[in-house]
Number of protein chains: 2
Amino acid sequence: MSETLQIALAQCNFLVGDIVGNCDRIIAEAATARTRGADMVLFSELALTGYPPEDLLLRPSLQPRIEEALHRIAASSSGIAIVVGFPWREDGRLYNCAGIWSEGACLGRYAKQCLPNYQVFDEQRYFSAGYQPLVVDYRGHRLGLTICEDIWHQGPIDQCVGAGAELVLNLNASPYHIGKHDERVSLLKEHTSRLGVPILYVNQVGGQDELVFDGASFAMAGNGDVVLQMAEWNECQADVCWNGSLLTAVSANAALPESELASLYQALVTGVRDYVNKNRFKGVVLGLSGGIDSALTLAIAVDALGADRVEAVMMPFAYTSDMSKEDAALQATKMGVQYRSISIAPMYDAFMESLAEKFAGMARDTTEENLQSRCRGVLLMAISNKTGYMVLTTGNKSEMAVGYATLYGDMAGGYGAIKDVYKTRVFDLANYRNSIEPVIPQRVIDRPPSAELAPGQVDQDSLPPYPVLDAILESYIEQDMSAEAIIASGFSREDVMRVVRLVDINEYKRRQAPVGVRVTRRGFGRDRRYPLTNGWKAGV
Amino acid sequence: MSETLQIALAQCNFLVGDIVGNCDRIIAEAATARTRGADMVLFSELALTGYPPEDLLLRPSLQPRIEEALHRIAASSSGIAIVVGFPWREDGRLYNCAGIWSEGACLGRYAKQCLPNYQVFDEQRYFSAGYQPLVVDYRGHRLGLTICEDIWHQGPIDQCVGAGAELVLNLNASPYHIGKHDERVSLLKEHTSRLGVPILYVNQVGGQDELVFDGASFAMAGNGDVVLQMAEWNECQADVCWNGSLLTAVSANAALPESELASLYQALVTGVRDYVNKNRFKGVVLGLSGGIDSALTLAIAVDALGADRVEAVMMPFAYTSDMSKEDAALQATKMGVQYRSISIAPMYDAFMESLAEKFAGMARDTTEENLQSRCRGVLLMAISNKTGYMVLTTGNKSEMAVGYATLYGDMAGGYGAIKDVYKTRVFDLANYRNSIEPVIPQRVIDRPPSAELAPGQVDQDSLPPYPVLDAILESYIEQDMSAEAIIASGFSREDVMRVVRLVDINEYKRRQAPVGVRVTRRGFGRDRRYPLTNGWKAGV
């Protein structure tokens, strides 16, 4: 009879590229796990580099840095086996690897077989695929290694179990999107029901540019029961025991967020917090307009960074309603952030006067609206430059999709908190946040959305109602439906063709947009690579 | 004895995504070739979609559109065989294909085997690889088909010749970089010296977002002689004859540009022209500062679009020298473009006054310099919005690399003419352009470069001399050398570490930069995918 193994799952927030720092962290976490009595500790995919390292993988000094880190890990593996992911170059090829170190020796190295090259993933840009399983004998147990995408297919895990694995370790860097955790659990259940083998699923946590990783690592017994569930959005460790036939939890289960909305809100908070902190910004500054987008963004920023690292600026003009001014001040006070109001009228007037000769005889159009927005953008950027606070942008996905945003105006900034959140969901999130503590004035939620760039302007003057708009957008962008298919699903041809055309022609704006938290299956970042110069005619 | 074949190479400038338009074009070109007596006409890789179509390849209506176009091509293939590239979906997989149609029938379809997934290429994101050669019997000749990257490896062409091909047709969408044409000729010589088989190399021409395609299609006899050379940068057709043993030119050879610099200049002109025209902008507007970058950009713009579609704006401030004002006016007059001068002082002052309370007690820093630049950016964007002229940006690669550029300031615009041209080469290009006709005032070339954002400021106050800077940048960016290797190659540690650090920390600016012509092996677009959040420490 083989002894019982206590295995720790370490769910960490690594900094991409900081190999030395990540290695320090891994060694410290291993020591903690050993203190708790763990025999083995699992880290996530490419833990040494963080994920995704992108073109850092092409740097010539990568391999010596990795080798040095692995020497240190080997030297720290006495009394506890360390399972960790790292890139590895051999015979001129780079592999996405995982290895097991114990008592100073490497017990085996596995190369990922399935390399995702879709959506946000570019792994075939960097890696060659492995082709064989790794099953390691450790204290009388046969443990199989797999990495992330491997488990989204049948081949590698079947092969691993075929090679004798009794317990499968799966190292992940699996980005969040709404509903992702349930997909992972269902997927693993398919494997356990087919193979009867238990699986340990360990994921990284935290934000990296557009991607947020929810963590939510878990352990599934051979019968498909989730015996251990770890937290979403937090770094943590937890242990399971494996006696060769039974997988049991040692640590208590974490409570997952009570709803998809709660989880989504945490995703946005995590994305903002990690972008700002990992890039060492002192804080953030944002334009608070009295509208719902900036109101929600302010709440996210305060929840991410604390009120003392957030500054809000109201920048009124002739079309700014009193309601907007009152509500902005009200929320800023309520949330305890630094707040000031700076009118854009003097700048706007100076521009228009200087352009009067050039614009003589030409009609008023969106130029004047964009100019208002750009005066605001320049003001915020000046504050940012002077104070070291990053500008947080407030645009939502519906706007980014149809181009209802001004380049170098409201699009100016370092990071977008809600750029992948449709307007209808912005309302849901505002209500959700208020249900915990009412911080957003109710009037901001109830009033008809308006950019307030012209007298009496409301968004619905020129766009379909948001529920219609968002449904069309989701069909087109996330479900990749053709215009004809969307029409056939029950929308008016006029609405669909107008929306789809707006999405297509506004790619140039999105290309210059700041990065921001990705929370859907298809964000506007690495997910969606459309040409700017483009003769495609949608739906014709 | 088989009859002699007259084969036309058609070097076209397709519009990405415009399948119907490209198909019309292919049919019209085939008719022209037939009129000239050609038996067969070759088009470039993915001619039906243009290259690169990027995520348009994922649209569900792609396949029916392609099928419809191929029906039309089949129907147009009487009296002339048409060889054309297109994407093709079969059994749930998408292939990068080429096919031959003759007298209404498809004689064969080939799927590209080598799918580039490096630099700017993402073909494995879309395509599955083919695995077998295609050799078609046509009027007694055995013709082999290959596509672009296939020929950069030995496998596919060896296989093709092994399967009996006596003449290899190679369809390309091969983007330009400095010196690329010579690389292609050398490469094909390796094949002909090994295999003794003649090769017809047909390439597309024109600009597509960041990429420019130089055309320069050619025919190489089995002994390695280039028997036909087609023009760079222009659409054209030319014919060769193949009698089963001898490949000869029917058309006259085109003169290639007399120097690398001449070709580079044409690349920039082509990139600007096609971006502006394919996106249907009326013209371009740019800020003319009296410095060499905007001077060269103005020359490129006029050569691309004609003087009547170009507007130059001088936007002086307190630090603008008289020399700058005089030289800007001089060049604008010389080149016959619309020109005006608008001082940014009123806007700048309005911003500073409105920010006085916020900035009280804080020292002057780069905030004030950025503000000048942003006032200029907003002015140009207002003119752009009102007139439909796109803002052409004037930043060079040295600046983009080290972050000597202002987001939403001089970086505001739709397209960058020289964003992939190092400063030292900007001087070369200015001299080159002046050698044809002196349009750039000599003083602009001779004076020390300055951003004129502070009193007496010159670039070399805070950067190494440009020849040193550019050499370090090229080693780091294009040759992927580590900081240590660059130091070892003969630069001071201080210079290298400073430059490399500036490159690393300014990724966030480049991410929001407009697209622009790519002319090196590694531009700052799809070529170089670095994380913004990044703990990599260069050279440590």
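In case you wondered, yes, glycine gets a Cβ from its N, Cα and C as well.
Per TrEMBL, the features are:
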DOMAIN    A:5-248  domain 'CN hydrolase'
ACT_SITE  A:GLU45  active site, proton acceptor
ACT_SITE  A:GLU45  active site, proton acceptor
ACT_SITE  A:LYS112  active site, for glutaminase activity
BINDING   A:TYR118, A:SER174, A:LYS180  L-glutamine binding site
ACT_SITE  A:CYS148  active site, nucleophile
BINDING   A:GLY287, A:LEU288, A:SER289, A:GLY290, A:GLY291, A:ILE292, A:ASP293, A:SER294, A:THR394  ATP binding site
BINDING   A:ASN370, A:GLU399, A:LYS509  deamido-NAD(+) binding site
Local Cβ density at A:ASN370 (deamido-NAD(+) binding site) - other Cβ atoms counted within 10 Å: 24
Among A:TYR118, A:ASN370, A:LYS509 (the binding-site residues), residues with Cβ under 8 Å to chain B, listed in sequence order: A:TYR118, A:ASN370
Length of the line joining the Cα atoms of A:LYS180 (L-glutamine binding site) and A:GLY291 (ATP binding site), in Å: 30
Cβ packing number for A:LYS180 (L-glutamine binding site), 10 Å threshold: 19
Output field, L-glutamine shell: CB within 8 Å of site CB centroid, site A:TYR118, A:SER174, A:LYS180 dropped: A:PRO116, A:GLN119, A:TRP152, A:PRO175, A:HIS177
By Cα-Cα distance, the member of recorded positions A:GLU45, A:LYS112, A:CYS148, A:LYS509 nearest A:ASP293 (ATP binding site): A:LYS509
Nearest recorded site to A:SER174 (L-glutamine binding site) by CA-CA distance, among recorded positions A:LYS112, A:SER289, A:GLY291, A:ASN370: A:LYS112
Whole-number Å value of the largest CA-CA distance among A:GLY287, A:LEU288, A:SER289, A:GLY290, A:GLY291, A:ILE292, A:ASP293, A:SER294, A:THR394, listed as ATP-binding: 12
Confidence summary (mean pLDDT) of the domain 'CN hydrolase' (A:5-248): 98
Residues satisfying Cβ distance under 8 Å from A:LYS112 (active site, for glutaminase activity), sequence separation of at least 6: A:GLU45, A:TYR95, A:ASN96, A:CYS97, A:ALA98, A:GLU123, A:PHE127, A:ALA129, A:GLY130, A:ILE147, A:CYS148, A:GLU149, A:ASP150
Which binding-site residues sit within 10 Å of A:SER289 (ATP binding site) - Cα, from A:TYR118, A:ASN370, A:GLU399, A:LYS509: none
Reduced DSSP assignment, A:GLU399 (deamido-NAD(+) binding site): helix
Inter-residue Cα distance where the pair is A:GLU399 (deamido-NAD(+) binding site) and A:GLY291 (ATP binding site), in Å: 14
Additional residues around ATP, ordered along the sequence, whose Cβ is within 8 Å of the centroid of A:GLY287, A:LEU288, A:SER289, A:GLY290, A:GLY291, A:ILE292, A:ASP293, A:SER294, A:THR394: A:ALA295, A:THR297, A:LEU298, A:ALA328
Deamido-NAD(+) site shell beyond A:ASN370, A:GLU399, A:LYS509, criterion: Cβ within 8 Å of Cβ centroid: A:SER373, A:GLY395, A:GLY403, A:TYR404, A:ALA405, A:THR406, A:LEU407, A:GLY409, A:ASP410, A:MET411, A:ASN506
Binding-site residues compared (A:GLY287, A:GLY291) - highest count of Cβ atoms within 10 Å: A:GLY287
